[in-house]
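Colleague: When I checked TrEMBL for this same protein, it listed these features:
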type: DOMAIN; residues: 2-226; note: domain 'Aspartate/glutamate/uridylate kinase'
type: SITE; residues: LYS4; note: site 'Transition state stabilizer'
type: BINDING; residues: GLY38, GLY39, ARG60, ASN147; note: substrate binding site
type: SITE; residues: LYS209; note: site 'Transition state stabilizer'
Amino acid sequence: MIVKYGGNAMKSAELRRAVAGEIAALRAGVPVVVVHGGGPVIERELAARGIASEFRGGLRVTSPDAMNVVEMALAQLNKQLSQDVGAAVGLLGRDSRLLVAEVLDPALGRVGRVTEVNADLLRTLLGAGITPVVGCVAVGPDGEALNVNADTAAAAVAGALGEGIVFLTDVDGVYRAYPDPDSLAPHLTRAEAEAGIRGGWIAGGMIPKVRAALDALDAGAPFAVIASGMREGVLAAAARGEAGTRLTP
Ligand SMILES: Nc1ncnc2c1ncn2[C@@H]1O[C@H](COP(=O)(O)OP(=O)(O)O)[C@@H](O)[C@H]1O
Ligand SMILES: CC(=O)N[C@@H](CCC(=O)OP(=O)(O)O)C(=O)O
């Protein structure tokens, strides 16, 4: 199973360790690949250097200078998460060409779209009982780093391995009337999700997440669930279809 977590599921060291605990419990029965982002950490490191960020369509416009900071920030976070998870190895896209990408749109600078995943490397590590922890930096056609939205990077990994994916965030899933918790949708079809985006009740960071979940299904993932990283037992429950919002074709 692929577990994606990002900024909202690592707001504190306590939450980060709770998620790591969930992963450690799950992998006793199911091999797990972790894919992570870290938007807030990137933001902090850019701000510390006086580099302002602009987002277009939920993606950070990434200059070469910003890319250096993104890679540095995610590399450090990657090692911390790998340590949290234990029996793990932390990797970015440059390692054995784990994530290869093309430039998504020159107007966004060094932002990538994943075109290849080194699934053999992931399978080798899993076969040795090691949990891969993958940061969302890919290698581009020029051999330099590209910044990939972590939800889309995770979807590419799930597609390449043909395994299910759980996106952990700070809400229980997709709400039909956000933020009313009683409006949580346990299931959402592609048509309903597209209608939600058009209708505006799926908004902000939930748009790329829902789209990444649908992309993962298109690429061959058997299931895609969006769930809260703050609930105990969430990963096992999500895999059983008993937590979060499950996207269906
Ligand atoms: N219909 C909705 N249901 C749930 N959350 C929504 C919805 N529409 C927008 N959101 C927002 O999406 C956020 C999750 O996306 P994001 O902040 O990008 O997560 P992450 O950083 O974990 O990847 C929620 O915190 C919420 O503010
Ligand atoms: C291109 C692009 O926008 N990349 C993201 C990568 C990190 C990410 O996606 O982190 P979360 O999972 O915490 O959102 C960024 O620079 O913020």
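Cβ coordinates come from backbone N, Cα and C, glycine included.
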Colleague: By a simple count, how many Cβ atoms lie within 10 Å of the Cβ of LYS209 (site 'Transition state stabilizer'), its own Cβ left out?
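Modeller: Result for LYS209 (site 'Transition state stabilizer'): 28 neighbouring Cβ atoms inside 10 Å.
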Colleague: List those of the recorded positions LYS4, ASN147, LYS209 whose Cβ lies under 6 Å from any atom of ligand 2, in sequence order, or write none if there are none.
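Modeller: Near ligand 2, sequence order: ASN147.
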Colleague: With every protein chain in view, how many other Cβ atoms are within 10 Å of the Cβ of LYS4 (site 'Transition state stabilizer')?
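Modeller: So the number of other Cβ atoms within 10 Å of LYS4 (site 'Transition state stabilizer') is 31.
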Colleague: Through the lens of DSSP with three states only, how would you label ARG60 (substrate binding site)?
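Modeller: Strand, per DSSP.
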Colleague: Which has the fewest other CB atoms in a 10 Å radius around its CB: GLY38, GLY39, the listed binding-site residues?
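Modeller: Each of the binding-site residues GLY38, GLY39 was scored; lowest Cβ tally within 10 Å is GLY39.
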Colleague: Near the Cβ of ASN147 (substrate binding site), how many other Cβ atoms are there if near means within 10 Å?
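Modeller: I count 27 other Cβ atoms within 10 Å of it.
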Colleague: Cα-Cα, whole number of Å: ASN147 (substrate binding site) versus LYS209 (site 'Transition state stabilizer')?
Modeller: 16
Colleague: What does DSSP assign LYS209 (site 'Transition state stabilizer'), in three states?
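Modeller: The residue in question, LYS209 (site 'Transition state stabilizer'), is helix (DSSP, three-state).
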